[in-house]
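Heads up: the structure comes next, in structure tokens.
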Amino acid sequence: GSRYFGDIVHGELGKDLFRYHGFVMMVAVAVLVFVMYMGCVILFTKFSYRHFLNRQRLEFWWTIVPMLMLVGLWFPSMINLYYMEEVKRPRWNFKAIGKQWYWSYEFCRNLDTPSSSESAESISCYTIDSYMEDQQETFSKGGYRLLDVDNRMVAPADVQMTAFVSSSDVLHSFALPKLLIKVDAIPGRINRLPMKASQCSIIYGQCSEICGVNHSFMPIVIEFIPEKYFVMWLEALN
């Protein structure tokens, strides 16, 4: 069953980010409760605090404690950021190119890095143009309005990959929330980011950068399938 709205399929890193979010919320609630309690004490107690003119020990602790709390929040945050940006050794790569107003995916058939003896002419490369599907066709298949496409990108599940994102005209944004991915597609520049889906699934996303009149009509759909079926899909391409 579903644990969250839009399950994260990024594996252990996604779970770590949810744990960190819970930790931050716990600290924020604790600070809020403490401040409200102290405010009630000051407002409704019979003692007066108007004559607290110089309390160096109090000033020392209300400076040190917030600093320690910020350090405690900073350390796991930096660890998560490091692992999110770490480009591991990928087994498969593909390129996503944003265009007005659709996505093109370029990839080669090799699932692993080609050997040095393999010539560039022997490597077959392909391009898939992915447009938003017609709404009537989407309704007839029971799909998602403004999210389904005519040609889905296919990728292997539980395999380390690298996505190269660029644009051929204006600024776009390649966003897949379930994979914790959001990167700008910039003309003349290629952004690289790691990608790995921990389970077979269909991931939906959209362009998250205002890129023109049809900005809201260029969805992203990637279907992650088992590796053996993905190899069969690659071999069936012609």
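Cβ coordinates come from backbone N, Cα and C, glycine included.
What TrEMBL says about a protein is an automatic prediction, not a curated fact.
Given the structure is predicted, the values throughout are model-derived calculations rather than measurements.
Taken from TrEMBL, the feature domain 'Cytochrome oxidase subunit II transmembrane region profile' covers 1-88. Per TrEMBL, domain 'Cytochrome oxidase subunit II copper A binding' is recorded for 89-236. Annotated transmembrane segment per TrEMBL: 23-45, 60-83, in sequence order.
Sorting the domain 'Cytochrome oxidase subunit II copper A binding' (89-236) by DSSP state (H, G, I as helix; E, B as strand; all else coil) yields 26 helix, 64 strand, 58 coil.
Beyond its flanks by at least six residues, the transmembrane segment (23-45) meets 69, 72-73, 76 of its own chain at Cβ-Cβ distances under 8 Å. Within the model, the domain 'Cytochrome oxidase subunit II copper A binding' (89-236) carries an average pLDDT of 85.
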